[in-house]
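Visitor: OK, Swiss-Prot features for this one:
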- H64: active site, charge relay system (ACT_SITE)
- D109: active site, charge relay system (ACT_SITE)
- S203: active site, charge relay system (ACT_SITE)
- C31-C162: disulfide bond (DISULFID)
- C49-C65: disulfide bond (DISULFID)
- C97-C255: disulfide bond (DISULFID)
- C173-C188: disulfide bond (DISULFID)
- C199-C224: disulfide bond (DISULFID)
- 25-248: domain 'Peptidase S1' (DOMAIN)
- 1-18: signal peptide (SIGNAL)
Amino acid sequence: MVLIRVLANLLILQLSYAQKSSELVIGGDECNINEHPFLVLVYYDDYQCGGTLLNEEWVLTAAHCNGKDMEIYLGVHSKKVPNKDVQRRVPKEKFFCDSSKTYTKWNKDIMLIRLDRPVRKSAHIAPLSLPSSPPSVGSVCRIMGWGSITPVEVTFPDVPYCANINLLDDVECKPGYPELLPEYKTLCAGILEGGIDTCGFDSGAPLISNGQFQGIVSWGGDPCAQPREPGVYTNVFDHLDWIKGIIAGNTDVTCPP
């Protein structure tokens, strides 16, 4: 009965978002069902985001994914045929940089969510560790998410799509984004020739470099996957002290300047 209810919810929500979105992983292929046990599907208001399971009680996503009536699904691959171990949670607490729900489009787009109850690990649900070192420019990065697989006309897959892109130097990003300042705690990643990218409803999903969780999908060009307009990601490594402090119960910890 629980699985039937989850299936019904996912199908209804998918139809709702198909009318409102035109964005997500562009230029990818279906993810292997076993490669994303940490990837969560976040629904709120009339929108969809991704997120990353850090441990049995915590999810990391983008601040602009905050909204009312938030539902968090874990263990999802196909929306039409959910895995038997799909679990649903709602937020117990939300934490933002500078103890504020406000954020700029360009910086500090990060939100920690404490779940209402612990998640049970299973075949399709497992956390992704925080990074132990910063990412290297030029490294291959893995992106993933549900949503439109075409940049203009909406084409939503039932399963998450994955793709490989490269971590770029900030200098390579600057021509497309003059508003991107050196002091921002962000990463720039993509393909300068275009054709592969994350997009709007992929917000909050992870950027994985050399097996480490290094970025959170934040913003980019419109339409997605255009030449010299790569994606911009919140830098997870730069926020480690804040993330670890909040999880440890230190709510007075501050974000990096």
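Just so you know, glycine gets a Cβ as well, placed from its N, Cα and C.
Mind running through what each feature is packed against?
Guide: A 10 Å cutoff on Cβ-Cβ distances gives H64 (active site, charge relay system) a total of 19 other Cβ atoms nearby, all chains included. Classification of H64 (active site, charge relay system) by DSSP places it within a helix.
The DSSP secondary structure for D109 (active site, charge relay system) is coil.
S203 (active site, charge relay system) carries neither a helix nor a strand DSSP state and counts as coil.
There are 19 other CB atoms within 10 A of the CB of C162 (disulfide bond), with all protein chains counted. According to its DSSP assignment, C162 (disulfide bond) is in a strand.
In sequence order, V42, Y44, Y47, C49, G51, M111, S203, G204 are the residues of the chain that are 6 or more apart from C65 (disulfide bond) and have a CB within less than 8 Å of its CB.
In sequence order, C97, D98, K108, I110, H239, W242 make up the list of same-chain residues 6 or more apart from C255 (disulfide bond) whose Cβ falls under 8 Å from its Cβ.
Around C188 (disulfide bond), a 10 Å sphere centred on its CB holds 24 further CB atoms from the protein chains shown.
The local packing around C224 (disulfide bond), expressed as other Cβ atoms within 10 Å of its Cβ over all shown chains, amounts to 28.
Looking only at the domain 'Peptidase S1' (25-248), the predicted model's pLDDT averages out at 92.
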Visitor: Would you mind listing, in sequence order, the residues at least six apart from C173 (disulfide bond) in the same chain with a Cβ closer than 8 Å to its Cβ?
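Guide: Looking at Cβ-Cβ distances below 8 Å from C173 (disulfide bond), excluding near sequence neighbours, one finds L180, C188, P230, V232.
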Visitor: In the structure shown, which of the disulfide-bonded residues C31, C49 has the fewest other Cβ atoms within 10 Å?
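Guide: Counting other Cβ atoms within 10 Å of each of the disulfide-bonded residues C31, C49 gives the minimum at C31.
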Visitor: If you measure C199 (disulfide bond) to C162 (disulfide bond) at Cα, how many Å is it?
Guide: 13
Visitor: What's the CA-CA gap between C224 (disulfide bond) and C31 (disulfide bond) in angstrom, rounded?
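Guide: About 20 Å separate the Cα atoms of these two residues.
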Visitor: Tell me the coarse DSSP state (helix, strand, coil) of C49 (disulfide bond).
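Guide: In three-state terms, C49 (disulfide bond) counts as strand.
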Visitor: Do you know which of the disulfide-bonded residues C97, C199 has the most other C-beta atoms within 10 angstroms of its C-beta?
Guide: C199
